[in-house]
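Q: One structure, as C-alpha cells, below. Some questions next.
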Amino acid sequence: MTQVNQTKTSYGIFFNRHYPTIESACERWGLVYDANAEFELVFEDNILTLIKRDEPKLKGISVDFVSGAVAHRRKFGGGRGQSIAKAVGLKQGVNPSVVDGTAGLGRDAFVLASLGCNVTMVERHPVVAALLEDGLRRAYEDAEIGDWMRERMKLFHGSSIDSLADAAHSSNTEVDVVYLDPMYPHREKSALVKKEMRVFQSLVGADLDADGLLAPAMALASKRVVVKRPDYAEDLDGVKPSMVIATKKNRFDVYVRAAMTA
C-alpha cells in the first residue's frame with residue numbers, strides 16, 4: 001500500500017498518548033494531541049475507531065471491509081448489475097482502473113474493487129485517511145479477501161483537486177475512470193440523517209470546493225468520470241452529464257470521454 005502525505009497542516013485530536021499503536025498512527029498522519037478536541041481516536045478489538053466526545057452514545061466510526069454491511073453487499077448486493085457498476089462501465093471482460101477522488105470511508109471503492117476494478121482511493125482528511133489505512137490493514141490480513149484486496153485497493157493521502165491535476169499531467173498515470181462522491185449538505189433535518197453520517201459530516205464538513213473536482217477529473221480519466229449525487233443536487237460545476245443512472249435516493253452522473261472497451 002502506498003501512502004503519500006501531501007497535507008502539511010496538523011490536525012488536533014484527543015487520544016491515549018500511552019497507547020503506542022494510536023500514537024504511531026497519529027504521528028504518521030500528522031495528528032497532534034489536543035485535550036480539548038471534539039473527536040477522539042481509540043483502538044479497541046484491533047480496530048481504530050473515531051468517537052465524537054460530546055455525543056458518547058453515538059456509535060464510533062471505523063472502516064471495516066471484512067464484515068458487516070459491506071461484506072453482505074459483496075456477497076449479496078447484485079454484482080455487476082448494481083447501478084454503480086453500470087455507471088463505471090463494468091461489463092464482461094472489462095475491469096477499468098478507477099481513481100476514487102473522494103474516498104470517504106471507502107465503501108464505494110470497495111464495491112468496485114470486489115467486482116474486479118483496481119481502485120486508488122484519494123482522501124484528503126488525515127483522520128479519515130488513518131481510518132482507511134486501518135481498514136485496509138485488516139482487509140489485507142483477511143484469509144478470504146486479503147489476496148485481491150492487496151492487489152486492487154490502494155490509498156493516497158492528499159488534496160483531491162491537486163492529486164487529480166498532478167496525475168493528469170503525469171505520463172506514467174493511466175486511469176480509465178475517475179469516481180467522485182463529494183460530501184453534499186443533507187436536505188433533511190439533522191435528526192433524520194443517519195447518526196454515523198452526522199458524525200462524519202461534522203468531522204469533514206461539506207466539500208465546498210467540489211465543483212473544482214470535475215475539470216481535473218475529466219483531464220485524468222481516459223474513458224469516463226462518474227459523479228454520485230443526491231437526487232435533488234445540481235449538476236457538478238453546472239456541467240450536464242452524458243447520461244444519468246438513477247437510484248432510489250441518489251443518481252450517478254456519467255461524463256463519457258471514450259467508449260469502454262476490453
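Keep in mind that glycine also has a Cβ here, set from the backbone N, Cα and C atoms.
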Q: Given that Swiss-Prot annotates R107, D108, E123, R124, S159, S160 as binding S-adenosyl-L-methionine, state which candidate in D142, D176, D181 belongs to that site as well.
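A: So, going by the record in Swiss-Prot, that would be D181.
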Q: Given a separation of at least six residues and a C-beta threshold under 8 Å, show me what packs close to R107 (S-adenosyl-L-methionine binding site) in the same chain.
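A: Listed in sequence order, they are V70.
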Q: Sort out for me which one of E123, R124, S159 has the most neighbouring CB atoms within 10 A, since those are the binding-site residues we care about.
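A: That would be E123, with the most Cβ atoms nearby.
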Q: DSSP secondary structure for E123 (S-adenosyl-L-methionine binding site), reduced to helix/strand/coil, please.
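A: Note: E123 (S-adenosyl-L-methionine binding site) is in a strand by DSSP.
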Q: For D181 (S-adenosyl-L-methionine binding site), which of the three DSSP-derived states applies: helix, strand, or coil?
A: coil
Q: Rounded to a whole number, what is the top Cα to Cα distance in Å among the residues the record ties to S-adenosyl-L-methionine, namely R107, D108, E123, R124, S159, S160, D181?
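A: Roughly 19 Å, rounded to the nearest whole number.
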